[in-house]
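> Starting off with a structure, shown below.
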Amino acid sequence: MKISIIGSGYVGTTIAACFAEVGHDVVNVDIDEDIVASLNDGEAPIHEPGLDELVEKHAGDRLRATTDYDAIVETDATFLALPTPSEDDGHIDLSIMEAGARSVGRTLADKDGYHLVVTKSTVVPTTTEEVIAPILEAESGLELGSDFDVGMNPEFLREGSAVSDFLDPDKVVLGSETDRAATLLRDVFDPLVEQADSPPVVETGVREAEMIKYANNAFLASKISLANDLANICKEYDIDSEEVLDAVGLDSRIGSAFLGAGVGWGGSCFPKDVAAIVAAARDAGYEAKMLEAAVEVNDRQPVRMLDILRDHADPSGARVAVLGLAFKPGTDDVRNSRAIPLIDALLDSGADVVGYDPVATANMREHFPDIDYADSAADALAGADAALVVTDWDEFAALDDEFDAMTDAVVVDGRRIVSRRDGIVYESLV
Ligand SMILES: NC(=O)C1=CN([C@@H]2O[C@H](COP(=O)(O)OP(=O)(O)OC[C@H]3O[C@@H](n4cnc5c(N)ncnc54)[C@H](O)[C@@H]3O)[C@@H](O)[C@H]2O)C=CC1
Ligand SMILES: O=C(O)[C@H]1O[C@H](OP(=O)(O)OP(=O)(O)OC[C@H]2O[C@@H](n3ccc(=O)[nH]c3=O)[C@H](O)[C@@H]2O)[C@H](O)[C@@H](O)[C@@H]1O
């Protein structure tokens, strides 16, 4: 099949390369000329394990990129993989989706024959039918339900394992409102489902598919916050929270994944998606109390970490090493990293901050151009009065003699990753 994908970021590039891998002809449309050039040169514009190989293998053959929306006319289906950021009050900002839909609609005016437009981005329920579809109709002059249909196919991949998550998913969710759209979506996913050893395929309505994505992310984020709440109680009683949560996770109804207690969840999606569904629920007249509490617990974890530091050392005038700047290990992405509120609070307290991350320093420098950055954990620790461990990079577990170079070795561990205890003042957050 011929597929077009609008947007070539984490999701757009990954699904384009993977659709090409399972045999589709794919064209990626992005407004960024550098991204388009990179894809056409056979180089992935983002860092994801396995992506370079797929892009190199298919570029110039089953995979091409362009800035020209006209390319979608020749395709059977168009996937919108555009950003859906948050407004300041948490509401979803649909302006980029609306701009993309206008461009797609204008282009489809020139198409003879049926077309399917699928929302891949995470959007609050009713967006595809009540925002995207009317724009497509108005701009194209075509009629929804006869000339074209809309569908919704939420994405569950994680950064750092995007290719393997997409090619080997736990489930595929296909949202549509007409038989023709359902059949076409099935045709798109059949080759992927077959090579992935037939994961469950959930065929549902468009707004149900939109809600499944939010429910998924809200559940995972809340599970971490609940683990953090329980771990905080454990700490009050001097109980090892890891032992407790490991045992709890053995219950097959609960499961061990996403029970990792610590400084909380960040990244480009959990914070914005939980905020967006809470705001959408409020607009609809419902107060999502559990989700609001999940956010509150998450916001409190970095504050608790600073409180622990203050129990052992005065941050004012102290040199504090922040180990780990990425929102999770395996990525250079710092969007909503827990390191950001921590560094902000340290600077407010008058601390002299030195940050270290194996790969995310350049991105964090854009947020905090004026703090120091070290080239290694050892350099960050040398002469520091205290260290806060924020991201669970494996290399932090191996730190040992490096702590001896600290001036006053106070270590507050936000991810329970540091092994060394002797000769340092060590306290874990949970
Ligand atoms: N990043 C992730 O791990 C996941 C993201 N999602 C959702 O997928 C959606 C996309 O997210 P990402 O891929 O992370 O975004 P991204 O920011 O990495 O990439 C978006 C791309 O769209 C391009 N773009 C912007 N306006 C455009 C326009 N009018 N026409 C064509 N291209 C345009 C940008 O140049 C950029 O390359 C969001 O709704 C996100 O919530 C869903 C699952 C996982
Ligand atoms: O919608 C999205 O964009 C994606 O959001 C998350 O993926 P991602 O943000 O890449 O990263 P995760 O591995 O889920 O981690 C998110 C945050 O939770 C934290 N986390 C994770 C697991 C855990 O046990 N404890 C914990 O604090 C991580 O450190 C990180 O800050 C979801 O896992 C994906 O399924 C989803 O598609």
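The first residue you see is number 1, and the count goes up from there.
Every residue gets a Cβ built from N, Cα and C, even glycine.
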> Pick from LYS120, LYS213, LYS272, LYS289: which one does TrEMBL list with PHE156, LEU157, ARG158, GLU159, PHE258, LEU259, GLY260, ALA261, GLY262, GLY266, LYS328 for the same substrate site?
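Candidate in the recorded substrate site: LYS213.
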> When you measure from the Cβ of ARG335 (NAD(+) binding site), which residues in the chain that are at least 6 apart have a Cβ under 8 Å away?
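Looking at Cβ-Cβ distances below 8 Å from ARG335 (NAD(+) binding site), excluding near sequence neighbours, one finds GLY266, GLY267, SER268, PHE327.
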> For the domain 'UDP-glucose/GDP-mannose dehydrogenase C-terminal' (321-420), provide the mean pLDDT of the predicted model.
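That stretch averages a pLDDT of 96.
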> Could you give the Cα-Cα distance between CYS269 (active site, nucleophile) and LEU259 (substrate binding site), in whole Å?
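CYS269 (active site, nucleophile) to LEU259 (substrate binding site), Cα-Cα distance: 18 Å.
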> Scan ASP30, THR84, LYS213, LYS272, ARG335 for binding-site residues whose C-beta lands under 6 Å from an atom of ligand 2 and note them, or write none.
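Result: none.
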